[in-house]
Amino acid sequence: MIRSVVRGFGAALPKRVMTNKEMESKVDTSDEWIVQRTGIRQRYIAGDGETTASLGEAAARAALERAGLTPDDIDLIIVATSTPDNTFPATAVNIQNRLGMRHGAAFDMQAVCSGFVYAVTTGDAYIRGGLATRVLVIGAETFSRILDWTDRTTCVLFGDGAGAIVLEAQEGAGTKADRGVLTAQLRSDGAHGDKLYVDGGPSTTGTVGHLRMEGREVFKHAVGMITDVIEAAFEATGTTADDIDWLVPHQANRRIIEGSAKKLGIPLEKVVVTVDLHGNTSAASIPLALDAAATDGRIKRGDLVMLEAMGGGFTWGSVLLRW
């Protein structure tokens with residue numbers, strides 16, 4: 001049985017760090033208020049010359065280097081982003097060009113904060129279907145450029161960055177002991193589209209628009225949706241929360257992260273948390289967290305890792321993989 005195994009990983013962050021203290025000078029807020037409600041202490045903000053594509057390229061190159069591969073070895077690039085450099089062409093095609101690739105395919109996926117989970121699921125499907133041997137999956141965002149910097153309820157939450165993994169086809173035994181993606185569960189419900197959205201677009205306002213969010217409504221749904229889709233992954237693979245070595249959640253808010261882990265019975269010692277350093281980087285948050293935990297040695301070969309995310313739409317999903 002063919003499995004999609006993580007062969008390499010990488011990350012990239014903008015040069016500029018914006019602390020909560022600096023945020024105090026922009027809007028009516030405080031470090032104490034932000035930390036207490038979100039767990040965020042700082043975030044990275046893209047500067048001149050730093051774009052979604054440039055950050056994505058840097059993360060991709062880091063992942064390729066760690067995998068011992070070159071762009072020539074990649075068959076497909078999937079970029080999860082809600083903040084593309086252009087309406088078209090796709091950011092993935094831009095990154096393909098930056099990497100010097102003249103073969104294969106490249107496209108973007110947009111599922112907001114769930115984007116990386118959706119992209120990994122799609123890359124896994126290409127590999128299992130025999131359409132690709134190696135897939136470069138990137139989550140890259142510059143959310144700072146769609147924020148309303150006068151809205152203290154949203155501008156304090158988000159940051160910029162990119163992360164990437166290389167998925168490679170490897171033969172497995174077809175058991176839960178295999179390395180690679182074991183199952184993926186995706187969900188969406190468009191009835192909640194007005195809870196987290198951008199108030200602009202090419203066919204409506206002709207503007208980029210700004211992010212708008214009903215935070216309490218998002219929080220109200222988040223824990224239940226996340227735990228349901230993780231439990232679906234357990235059922236599909238015959239695993240339980242006790243089998244999980246690491247939960248790598250979308251880094252939206254520490255309260256959501258802790259609430260989901262508690263409901264699932266996963267101790268916080270097994271949860272990778274980077275929201276304090278990065279803020280909410282949407283589709284980039286999971287690969288950034290993976291990179292941090294794999295680089296410092298927490299996530300090791302053979303570990304059972306659960307990825308989960310929820311984003312605007314609503315969209316949500318989980319991927320269970322063995323590292």
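Residue numbers in this text run from 1 along the chain shown.
Each residue, glycine too, has its Cβ placed from N, Cα and C.
Quick look at what Swiss-Prot lists:
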type     : residues : note
ACT_SITE : Cys113   : active site
ACT_SITE : His250   : active site
ACT_SITE : Asn280   : active site
REGION   : 251-255  : region 'ACP-binding'
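Sequence features annotated in Swiss-Prot and their locations in the structure.
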residue : record      : CB count, 10 Å
Cys113  : active site : 31
His250  : active site : 33
Asn280  : active site : 23
Inset, instruction - Would you kindly give the Cα-Cα distance separating Cys113 (active site) and His250 (active site), rounded to the nearest Å? - result: 7
Inset, instruction - Tell me whether Cys113 (active site) sits in a helix, a strand or coil according to DSSP. - result: helix
Inset, instruction - Between Cys113 (active site) and Asn280 (active site), find the distance joining the two CA atoms and give it rounded to the nearest Å. - result: 9
Inset, instruction - Using DSSP with the three-state reduction, classify Asn280 (active site) as helix, strand or coil. - result: strand
